[in-house]
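Q: Before we start, here is the structure in question, set down as structure tokens.
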Amino acid sequence: MTPRKKLNGLVAATITPMTPDGKINLSVIRQYVDYLVNEQNVKNVFVNGTTGEGLSLSIQERKQLAEEWMCQGKDKLDHVIIHVGALNLPECQEMARHAAAIGAGGIAVIAPFFFKPTNKDELVAFLQRVASEAPEVPFYYYHIPPLTGVKIRVEELLDGIKAQIPTFQGVKFSDTDLLDLAQCINKNETGEFEFLYGVDEQLLGALAVGANGAVGSTYNYLGRQTNLMLQAFAKLDFALAQQYQFLTGEFLNFVIKLGFGVAQTKAVMTFVSGIPMGPPRLPLVGASSEFIIKAKAKLDSIVWPNGD
């Protein structure tokens, strides 16, 4: 058996393309894969997460998307991580079994956020029951307290987790608490776990405390520039790395003031890549034409250090 390739670097949190009438649009996934690999130099994806509107999709839709990403990504992508989190345990387990059956490179789960776990033991019990349905598949906890409201610190979660979840591989850490992240990495002395940061505008800070890589929406359309930031950081050229981070932040700061979420991310990806991402699903509403005009003008005005 070939040893598993370590997951590091950039992971695109994939968008779910939709037709104008709101159905998932599987027909553009092949083009999407090729765009990520050839134009953005991104070879890892995180499917059906927040950016992918995973919690707004039916279980059948999520399975279809997972299958299409696995099919089109074969021999092109290094890792396809499928988010299988849901509000109830049976659906999570069903999607975990499906991800294992189609050969996913990993599965990830958010904490359920209607009836919430209130402590580490409750959360780990839930995660364990999901992970056990895919006993050969690397398992990631998707920590995103701004959306779930579950604020159990990851540092606390890690204690003894491997004994309860043997497939535990790491964390998609989508929180601004760099102290918690740093403590996790400090505990990870053997390097057995992967910590992938999920707040794109703060990635450089996470790298400084030892994050292995990142999962985020901007890597769909700013992957090439962010890869150059990672290269600069690896070469200890911190001034250049800062330039890339500051420019990414300049764009995000601009669009956040306009109102920036999944719907607007779909619009940005559409005008940057030329691949139609379509509208979001209600209750989200599509980006306004004013947003698209201003966001495109802002992105076009940025001069990156590599001359773009």
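Start at 1 and count along the chain as shown; that gives each residue its number.
Backbone N, Cα and C atoms are what each Cβ position is placed from, and that goes for glycine too.
Just lifted these from TrEMBL, have a look:
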type     : residues      : note
ACT_SITE : Tyr142        : active site, proton donor/acceptor
ACT_SITE : Lys172        : active site, schiff-base intermediate with substrate
BINDING  : Thr51, Val215 : pyruvate binding site
Q: Work through the recorded positions one by one (Thr51, Tyr142, Val215) and name whichever has its CA nearest to the CA of Lys172 (active site, schiff-base intermediate with substrate).
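A: Spatially nearest to Lys172 (active site, schiff-base intermediate with substrate) by Cα position is Tyr142.
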Q: Between Thr51 (pyruvate binding site) and Tyr142 (active site, proton donor/acceptor), how far is it from one CA atom to the other, in Å?
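A: Approximately 13 Å lies between the Cα of Thr51 (pyruvate binding site) and that of Tyr142 (active site, proton donor/acceptor).
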Q: Rounded to a whole angstrom, what is the C-alpha distance between Tyr142 (active site, proton donor/acceptor) and Val215 (pyruvate binding site)?
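A: Distance between the two Cα atoms comes out at 10 Å.
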Q: With every protein chain in view, how many other Cβ atoms are within 10 Å of the Cβ of Lys172 (active site, schiff-base intermediate with substrate)?
A: 28
